[in-house]
Amino acid sequence: MSSSPQRAATPTGTRRVVVGVSGSIAAYKAPFVVRLLRAAGHEVRVVPTEAALRFIGAPALAAVSGHPVDTGVFDDPAAVEHVAVGEWAELVLIAPASADLLARLAAGRADDLLTATVLTTTAPVVVAPAMHTQMWLNPATVENVATLRRRGVTVIEPDSGRLTGADSGVGRFPEPERVVAEALAVLGGDGAPRAGAPAALTDQDLAGRHVVVSAGGTREPLDPVRFLGNRSSGRLGTLIAAEAARHGARATLVAANVGSDVLALLPAGVEVVPVGTALELEAAVRTACADAAAVVMTAAVADFRPAVVSGTKIKKHGLDGDGAGHGGASGAAKGDARPAPIELVENPDVLAGLVTRPPRTDGGRTLVVGFAAETGDATGDVLAHGAAKARRKGADLLAVNAVGDGVGFGDVDSAVVVLDRDGAEVARAAGSKGHIAAGLVNLIAARLA
Ligand code: CTP
């Protein structure tokens, strides 16, 4: 803390808090934040942006804070107000923080009293974003948030739920009680920033949690050299496990035939459990989930496996093989290369099993997240199929890979729409797999909080 006389110690327990308000419709909730802070005995000065004043009047903010309200660096140039306000503050809390405000902070702008105050203060800065889901998940905002967190700004995760319009999703301004509690938690008992506090509330928001991710594609053997498989690389699931670890989680990746080039994306400390078949994957996931806060099933699990696996290579002409269960392999006459039908039996639905027979041993609940790649067909579009699957599987969240013709997401790497177990849309994201992984882990962290 500065030794400036303006920042002399305040009575024990009382903090000087600058509440910044920016141009989000949630600005109308700022007075509740101010009232909670004052009710807890703290002194508050409110600094709104010009845009905030379109949503909430300066007289209301002055009344609840008990201080006059200024917005511009030129309101009282002689007072060098941005420096004075920044030095006065023991904590700067911007609630709500709009996408535009986050962008201006990340860029280091100082074009109004609030952004100038953030640049001059040495106090911890906490922001509580509130915006529409698309804006929150936009790559520009994701990068701005990452930049701010890297610089030590505490970014409170927005809530998920009903937004301003008829839609819902992540981006909602949290309850003022949570905003105030998380902001004050940044300060230690002596008013100094608590060591490591910003990280503990932001990047580390999954600390102490176990997150299990399945990735890749199962391979169901026919014989020692052949299998029924799929093209899944496991990249998205691997990135989700990496992102969960970055948020402080203990992460386990159940990797079904994931290449070493993809596994190289994992940071140190992520446990990798290699599996081959659907049955192996089921056993590994259920074991790992015994204490999991969340499980994310990105793996492409084969719905069926060959009824019988030949112990020896099945021969085209059935010369040596037992050809067990594959009829024609052993039954075909020499010279008759007509393939025999392969009898299949159904694999367990691992995801549905996690919902109906949760493996947690401590009685706690695991948040279950599934994936579904849908293309749409004559019976319904991508979202109709996704919503039906969400209701059928009963997972807490189902991320539908909205791929295929006519969906209209444009030329992007990937796109997902996240549905709840009733098939209602919770969030959507489009962009690189890393971006989608970041959005999903934010959503999971918010759900677990
Ligand atoms: N899944 C699973 N076990 C299976 C099949 C799928 O756990 N035997 C999981 C996947 O990991 C994914 C979700 O279920 O999270 C949806 O997978 P998908 O293949 O889209 O669903 P299916 O139930 O197999 O439906 P479909 O008829 O569309 O293949």
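Backbone N, Cα and C atoms are what each Cβ position is placed from, and that goes for glycine too.
Other C-beta atoms found within 10 angstroms of the C-beta of K393 (CTP binding site) number 19, with every protein chain shown included. For D303, K313, P348, D349, V350, L351, F371, K389, K393, the entry in TrEMBL reads CTP binding site.
According to TrEMBL, the feature domain 'Flavoprotein' maps to 16-185.
Summarising the annotation, TrEMBL assigns domain 'DNA/pantothenate metabolism flavoprotein C-terminal' to 206-317 (among others).
The domain 'DNA/pantothenate metabolism flavoprotein C-terminal' annotation in TrEMBL covers 337-446 (among others).
Here TrEMBL flags 1-210 as region 'Phosphopantothenoylcysteine decarboxylase'.
The feature region 'Phosphopantothenate--cysteine ligase' is assigned by TrEMBL to 211-449.
Here the domain 'DNA/pantothenate metabolism flavoprotein C-terminal' (206-317) has, by DSSP, the following mix of helix, strand and coil residues: 30 helix, 32 strand, 50 coil. According to DSSP, F371 (CTP binding site) sits within a strand segment. Cβ neighbour count for F371 (CTP binding site): 25 (other Cβ atoms within 10 Å of its Cβ, all protein chains included).
Per DSSP, the domain 'DNA/pantothenate metabolism flavoprotein C-terminal' (337-446) is made up of 33 helix, 33 strand, 44 coil.
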